[in-house]
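Data first, discussion second: the structure below is written as structure tokens.
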Amino acid sequence: MELERHAYDVVVVGAGGAGLRAAIAAHEDGARTAVVCKSLLGKAHTVMAEGGIAAAMGNAYPEDDWRVHFRDTMRGGKMLNHWRMAQLHAQEAPDRVRELEDWGALFDRTPDGLISQRDFGGHRYARLAHVGDRTGLELIRTLQQRTVALGVDVFMECTVTRVLTDDEGVTGAFGYWRESGRFVAWEAPSVVLATGGIGKAYKVTSNSWEYTGDGHSLALQAGAGLVNMEFVQFHPTGMVWPPSVRGILVTESVRGDGGVLRNSAGNRFMFDYIPDYFRKETAETEDEADRWYEDKKNNRRPPELLPRDEVARAINSEVKAGRGTVHGGVFLDIASRRPAEYVRKRLPSMYHQFKELADVDITAEAMEVGPTCHYVMGGVEVDPDTAAARVPGLFAAGEVAGGMHGSNRLGGNSLSDLLVFGRRAGTAAAEHARKRAGLVALVEEELADAARAALAPFEREGGENPYTVQHDLQQTMHDLVGIIRTAPEVEQALVRIAALRERVAALSVEGHRQYNPGWHLALDLPHLLVVSECIARAALEREESRGGHTRDDFPAPDPEWGRTNLVCARTADGGVGVARQPLPQMPPELAEVFEEAP
Ligand code: FAD
């Protein structure tokens, strides 16, 4: 078999914020490091991030500190987050932002020259460091420049299809060049998964083509567990019209900067959806909510800035009750609330996005918005301090890792998560590689098996085309395992997923290995199917509603489930099993934070 071979200490799969930060850390710790990414370097999902990086720097409000950020994050996740991850994240995020600045990132400034921090849902104080509404672009630019300057090897437009293991743990990775279709293998004692999320399992999503759950599935296949998979974040505000742009994100900064949600009767409906859990910290009247933008100390936050799960459900209910727009959304209005110049300065990308894609001038008229699948809270179960999965030598950071965000992620907490845990993963991966130096080798049989599996779609004739199968899977997840779920619907989804698995096993692709998108999708589909199955199985098991998981047949949170996580793992017969696991015990000094006033 023709195969390109390489040897490294650490192979990082993914070149978004988590992957690049991991690669920098591993390289700085002396590891021979490679980064592999499906698309061109710089094109990762991170580049699309708009609003900012959450970090309790105290620039806007000196009373902000890591404890408040920790508390907000845990409450946003309805207390299912791994407390230690939330603690490390809140403690280390400010240093990671300052470090980015040292490496050349140019953040927006406060009038007295500090890094500016903006408001976002669920954060008590304005704490998102940002660059207009193009923060991800600046983050990626900075990390990419540093990665390249340090001399880390980059394999771009190259897809990893398998993490290789032996009885002792990871031995490397196997993949193919997307352009030529040729195979490539990396021998390495440490592999860091930083592959992002699973959005392409759903029909309406803010995610790009790359988000097919590869890392989730590769980890599962290698023997790792996936935690919290039932929790999928539907961002409340995606574009709804025209159909070709449905799902594209409308940043939460629009609401952070004063935008409000209205139904077709013009009512600011979020006041009708304030849950008891957040009542004490949410404004009761429009006057109080509006005063909050100028005086946060003496007023409570507007309900439009409740955590995303609450706002997405409220929009869903308004539309269902017949109070939506003709295109099935609601109105997001900043035009009547802020001067045109302010909107263009604070939200330049949104202004252009609506002007170019929908012919809507957001400084003059309201946007039409509705929920869109945005982020997966579930991911590889890792040790909080090292980002190590249960398979020795396997690490995971960023959106592919689970535990940090519990049942719901707060806006801005992903970019900070990437930096904090990307760095920790890179350092621990380098350390593991030192211990395993000279002890790993690629096994020919395993390489041959990986190649056979990759070529299988060419060997079959007359099968379905992969695009039809992907479409049917997305429709199934949208209809049956979406924002609101019930047991009969999820059971039906599992039956359909099983049928789709048979269709995937039989599908065939035409042509040859040189740049063949149909073949690429055929190899992505098993990943999408297995993550969809994990989501559905965990969603069926959790008989309560919490964060990004709403069961119409169990509409309230259940205290017992509030102490339990679900972990998916491969079963002996190659299926997916779900096990209950008690939450890790939070130490008393951290538990005290929740007794203080909101
Ligand atoms: P990514 O940045 O997506 O990188 C994944 C990498 O993995 C890519 O390089 C990809 O090519 C590679 N990859 C995947 N599979 C394979 C494979 N099989 N082989 C090789 N390479 C592979 N979060 C915030 O905190 N603040 C925000 O303001 C914000 N705004 C957002 C706006 C939008 C439109 C979207 C979609 C998300 C936003 N988020 C935001 C969420 C945040 O951007 C993502 O969660 C985060 O960027 C994920 O980073 P990552 O490094 O984990 O993955």
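Cβ from N, Cα, C; glycine included.
Unlike curated entries, TrEMBL annotations are predicted automatically.
Annotated by TrEMBL as region 'Disordered', the relevant range among 71-92, 159-180, 401-422, 577-598 is 577-598. Neighbour count (other Cβ atoms within 10 Å of the Cβ, all protein chains): 27 for Arg308 (active site, proton acceptor). Residues 77-80, 230-234, 307, 309, 313, 377, 406-408, 483-487 of the same chain sit 6 or more residues outside the region 'Disordered' (542-562) yet have a Cβ under 8 Å from a Cβ within it.
Confidence across the domain 'FAD-dependent oxidoreductase 2 FAD-binding' (9-415), taken as the mean pLDDT and rounded to a whole number, stands at 95. DSSP assignment over the compositional bias 'Basic and acidic residues' (542-554) gives 0 helix, 5 strand, 8 coil.
According to DSSP, Arg308 (active site, proton acceptor) is assigned to a helical segment.
Across the region 'Disordered' (577-598), DSSP assigns 8 helix, 6 strand, 8 coil.
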